[in-house]
Amino acid sequence: LAMGGNYTQPTFILLGITDTPWAQAPLFVLFLLIYVITLVGNIGLMVLVWVAPSLHTPMYFFLTHFSLADICYSTIISPKMLTDLLFGDKTISWAGCMTQFHLFALFVTAECHLLAAMAYDRHVAICHPLSYVLVVSPRACWQLVAWCYLVASLSALLYTGCMFGGSFCGPHHIDHFFCDTSPVLRLVCSDTRSCEAAIFSLAAANGLGTSLVILLSYGHILHAVLGMSSAPSRARAFRTCASHLASVAVFYGSLFFMYLQPASRHSSRDKVASVIYTVVSPMLNPFIYSLRNREVKAALGRCRRRMLNLC
């Protein structure tokens with residue numbers, strides 16, 4: 001199909017994580033296992049929140065959307081990566097590449113804003129407990145989630161427009177395992193400095209803006225917790241925040257490494273960082289939120305006993 005009448009949509013070749021033949025099969029088994037655990041863990045956590053009345057709170061409402069975003073962007077990346085490792089056909093069409101990147105950008109950006117919403121929820125719960133029910137009402141929760149997806153959708157449109165608005169020069173080899181910003185922009189024929197600046201600015205606005213909300217929220221939380229006279233109250237407050245902070249550290253650490261550095265500094269280490277936030281982080285989040293959370297473990301225990309009684 002012609003675009004603009006002067007060039008044809010290219011077919012790209014994803015070079016993948018490694019080109020070493022003996023490593024393909026072990027990597028396929030490893031990433032298939034991780035992907036299955038990701039699906040089972042996140043879907044299981046969502047179902048548990050839906051069926052356990054004790055988890056029908058704003059924090060777990062945001063957590064179900066966070067798990068949904070994990071499932072979505074992991075599914076956008078992992079199946080294609082797995083088929084490439086298994087069959088060796090690493091081609092992807094221009095439309096497929098653009099769609100993959102657009103959906104990936106949408107759900108990753110949504111996760112940034114969902115993490116900020118979860119931090120705000122914890123801030124209100126610990127610093128303003130008496131007004132918590134009014135401030136974080138069901139309507140406010142839906143408005144916050146709608147805002148997360150709206151900003152993510154608009155950002156993804158701008159990212160995708162910047163990346164795929166020009167023509168591509170051959171060879172169309174993308175040195176990555178999915179269609180990511182820097183590897184795709186290297187193939188654009190025209191000057192990409194303005195696109196790179198726009199993408200960097202937008203990524204900084206989303207990443208640094210949401211991380212600032214998280215830092216401010218936890219700054220107020222720390223001040224409030226240290227002012228508590230009861231040691232058990234301080235311990236309980238820290239426990240409710242520990243799992244969220246662990247997710248923030250894993251997600252933002254690899255994300256900032258990837259997208260808040262100049263294009264000239266990108267290297268093969270980018271693939272390792274990409275694996276962490278596209279493959280490993282979605283798998284870890286259900287464990288982080290369940291193994292370190294008494295409410296989730298208690299709800300899981302009640303559901304298990306209910307199922308055993310039915311049997």
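Cβ atoms here come from the backbone N, Cα and C positions, even for glycine.
Annotated features in TrEMBL:
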type	residues	note
DOMAIN	41-289	domain 'G-protein coupled receptors family 1 profile'
TRANSMEM	27-52	transmembrane segment
TRANSMEM	59-81	transmembrane segment
TRANSMEM	101-120	transmembrane segment
TRANSMEM	140-159	transmembrane segment
TRANSMEM	197-216	transmembrane segment
TRANSMEM	237-260	transmembrane segment
TRANSMEM	272-291	transmembrane segment
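Between the transmembrane segment (27-52) and the transmembrane segment (272-291), three or more CB pairs separated by 6 or more residues in sequence fall under 8 Å, so the two stretches touch. If you look at the transmembrane segment (197-216), the same-chain residues 6 or more away from its ends with a CB under 8 A from one of its CBs are 109, 112-113, 115-116, 119-120, 151, 155, 158-159, 162-163, 181, 248, 252, 255-256, 259-260. Below 8 angstroms of C-beta separation, residues 14, 16-17, 31, 34-35, 38-39, 42-43, 45-46, 49-50, 92, 100, 103-104, 107-108, 110-111, 114-115, 117-118, 121-122, 125, 138, 141, 144-145, 148, 177-178, 240, 247, 278-279, 281-283, 285-286, 289 of the same chain, each at least six residues beyond the ends of the transmembrane segment (59-81), sit close to that stretch. Looking just at the domain 'G-protein coupled receptors family 1 profile' (41-289), the mean pLDDT is 86.
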